[in-house]
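As recorded in TrEMBL:
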type	residues	note
SIGNAL	1-17	signal peptide
DOMAIN	121-246	domain 'Cadherin'
TRANSMEM	678-701	transmembrane segment
TRANSMEM	713-736	transmembrane segment
TRANSMEM	748-772	transmembrane segment
TRANSMEM	793-811	transmembrane segment
TRANSMEM	831-856	transmembrane segment
TRANSMEM	877-898	transmembrane segment
TRANSMEM	904-926	transmembrane segment
Amino acid sequence: MIYPAMLIPLLIVAARADYSDEFRIHEGASIGTVLTASPELKRKLDRVSNCYSTLDTSVPWIELQEFSNVLHTTESLNYVNLNTREQLQGSLTMMCPGNKVLTFPFSVHITKMNRHAPSFKKDSLEINVPLGSPVGALLTQLEVTDHDAVIYNSQRTLSFKDTKSIGDSLFSISNDGSITLKTSIPASEAYKKIQMQVVAVDYGSPQRYSETNITIVPVTVSQVRHLKMNVASGRYQIFEWEPPEYGIPDKYRLVIRREEHTLVDEEVDAKATRALTRVKIGKDWDVTYSVAAVSFMGETASPKEQFKIIHGKLECVGECSHGGLPLCYFGPLNSLQQYEDSEGRHCECFPGFTGVSCDKKESCPSEKRVDTYGGLDWPETGVNASARLSCPYNDKSEEIWRPCEWNSLEGRAQWGKTKGHERCQTQTSILMHLGMHATFAEKADQISSINTVSSYLAKLLNVPSFAKSGPAHFDLKIAQHMTMVLDAVTRVNYTKIQERTKANVTETKLQLLSRISALSSRLPPPFQLAADRDSKNNISFNAIEWQPGTENFRQQVGESCYLQLPMIDVESVMRAVCMTNSSLVDTIDHRNPVLMMNVDNPDKIVFSKITFGLRTFNSSENYTCVYYDEIERAWSNRGIRHISQRGGYVECETSHLSLFSLLPESAFSSSSSMLRDLAVLLPTVTSFIAIVCGVFLLFLAAIQRGPSIDYPLLVFLFLAFIIHALHLLTLLAPQLGDPFLQAPTLHLVYQFCVISACALVMLLAQSIYAVIMQYKCNDDKPEPPLCSSFCSTLFFGIIIPALLTSTTYFFAQQSRHELTRVFTRLDWLFILNFLSPSLLFCSLTIVFCLSSLRAASNCSSRASSSLSLSPASHSSSMLLLLILLLLGHIVLFVFRAYSDGLVAALFVICQLAYCLVSFIFAGYLFRLRYMQLNGDELSTRTIETKSRAVLSHVDRRPEEPDCSALLHSPHNPSDDLSCSSFGVNGCKNGNGNTLSSSYYQSHSSSHNNQVIVRSLKSTPSPPPLMLDSPNGFSMTASLFERAPMVSIV
């Protein structure tokens, strides 16, 4: 209900209303058809979309939809009597918040039907926008068309569908299709694709619209410019472009596609504006190409362009090798010239040639192939050539060949079909023959049957498939069947055949053993092979990779054998064969296993003890390991060490390779067994005795009192103790093998001890020689300072051996060395760091000892010699014998297992002699040290007389001393006295000869060149007297002070 007060203003507004705004409806519209508002009316209604609207119109067949500003028809226009334009009018009253009332008068316009919607030229579009583009920059212009003839049916509006996206905040679009930049794009959005949809809506009836997808990518470098194809042939293509307008690319990426398949995708240098591709393209292929400018943040690709190849051949002048012709393109002024870039001048190659200048000939790659006639490794072969190989299962006279051909379509070399394979034996035929021979061997009752099987096996082992190296593949299935045949021939009762036919079966057995060894040598390592017959592996093969410098664990060879390899320093392969129930060997019970061991390159490998175990069928019997001596043609146990018998296995160790098995210990004489036991036991006992003797001597040397310490002797005795302890450790732990080889630490300790012991013995010999030369013929020289002994011991006994040992460890780098290497193979590290310094020090020791003996013999007859040289000469001779015995029993210890007890006996004798000589040498050396400090033993009267003679001449220095009392006193010829050392001009005997005084001259620990003399116990001790010597130093005279036994080294 409208109040009268409001009716008058509404009537006045209606009278003044402008009906230029209109709603459009097409002719024949059906019920419910929505009327289309004109663009102006649409914009007005969009501004008051949240207001409540009411309709006031005289048109009876339209009404307002509830809660919207949309009008629709209530009747079909086909049945409505249409009035004039003035009668099709109305108004929309909008009641908005704040008591605001708006009225929009309109008219209804009946038009022609709108039949076409606006259409975009492209359904999708990708636009690259540089990050530095200014605000308002035109990004692109969308092309939109409408095919309706009526003008208002073709009117349209473009807008973004999602007005809340990031694209709507960055970009704007106008009705003419222009997309512009609304605000600057942040750098964080670089190469992040912004997906948007653009909607184009017209204003006809019914109202129609269309959409298109737009992707805008902010980039740091724009697209390349003026991209074009220079030459496009079926064999090569040349592309050209100009650098991007915005940004500096790091490189370019050229992509050629055929539909969804990529033919070329390669990178081009950033400085280049031209690229060459060599791809085969067919005549009717639909091919596109594009070039992308790549920066560190992403890449900007150019639109994909299609191209077709040209027909005909371009010719130009250029330089090429014999394998091709110049590759031409259109250069400046559209002239044909040879293409050239940073790689050089390019050529179009003939079939089979490649490279920039066609100077390389292509080849078919090496290939592994398996066929019915076996597997082969075809080698690399050049184009238009053939590879020829021997048939895997035939002798080397039968060959097959395979050509290498050129594929012009793919532009590469490829292998052709194999030819000549009809003459090759197949695997099936070989297996059939092996099965027949296995049956033949099981039923054999003549030695000729076994020889036939052996001959066939020998022939089969010589085919290329079983060669140690070559292109033919090793055939596992044939090897398994060969093992079954060998197992069958090992079960044959050769004794029965020999008794019946009186034939010689020994040669046949040896041939079969050689066939087994040959098959073992053909196995590729690592490899295990066994004949599975009746659930028992009667013959088993194991090819073991023997790597240098690595610890090896126990390896099982079948069910009845195992072995454990030591460390080596050269790579090799151990090939072991374990046979049970074998009748190929005599003397051995066939129920005991037989182990065959061989290695590759035996001349180059040096190894220590190999531990192996054999399972015995009778655990109650005591067995020992034996090997077959080919020289004596008998079984022997020399060089084999029995370790234990437990768990059904007899464990032994050996230092050589051969054929091994088990024999009862009763098969060997008791005397030889006793000698063998003694050869094992006595070295252990004597090593223990040497350790006890060393500890005792070390104790005696340590408790000697004196102003100085005999460092060389102490350190030498300690190192000798370490050497004997290492010997004892090796003898008590045989399961460790050779510790000098298996334990690097033990080897380095042993090297240090041997070198240091030799150096210290040299110092002892030099000290004895120095003593003899010091007192030779009254040569009075001061004693060397205390530091000389300690420093020389530290330098020669510690520093030099430590440097040599550390150098060995540094250069060896986990490689193992043993003492026997010098006799088997020259090793520069062993000779330079171990053998040479040891021999050098020992040679110097021998030189010093011989020199000492010669000097002592020259002075022994001189009556003026004040010191008895017999202890010094005896010490030198004992030291010479000591170093020879030390080196002898070290070398004998290394070779103790290389003889039937002879070396062990020599080792025992040498070690016992060393202990005895060391005691004698220590006694003479202690005596020599005592005499150096106290002189020779004199009677009490002699000492008292000499002391009185010295005191009587203290106050009579200008006069000639009276030595008659001293001359008539009893004393040894070597005890002649000279007074010159006491500051007296000389003391002469009755013959007028001047007496020597070096007997009384000694030096204290502080080396102040004073002489302390004490009187006898029966005489009161006078106060010390200070005497001036002719040499200008003072001496304190106090008789008979005792000096301990020490070294002056």
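Here the Cβ of each residue, glycine as well, is placed from N, Cα and C on the backbone.
Long-range contacts of the transmembrane segment (678-701) within its own chain (CB-CB distance under 8 A, at least 6 residues past either end) are made by residues 641, 710, 713-714, 717-718, 720-721, 724-725, 727-728, 731-732, 893, 896, 900-901, 904-905, 907-908, 911-912, 914-915, 918-919, 922, 926. DSSP places the residues of the domain 'Cadherin' (121-246) in helix, strand and coil in these numbers: 8 helix, 59 strand, 59 coil. Across the domain 'Cadherin' (121-246), the model assigns an average pLDDT of 88. Tertiary neighbourhood of the transmembrane segment (831-856): same-chain residues 751, 754-755, 758-759, 761-762, 764-766, 768-769, 772-773, 776, 796, 800-801, 804-805, 807-808, 817, 822, 869-870, 872-873, 876-877, 879-880, 883, 887, selected by CB-CB distance under 8 Å and a gap of 6+ residues from either end.
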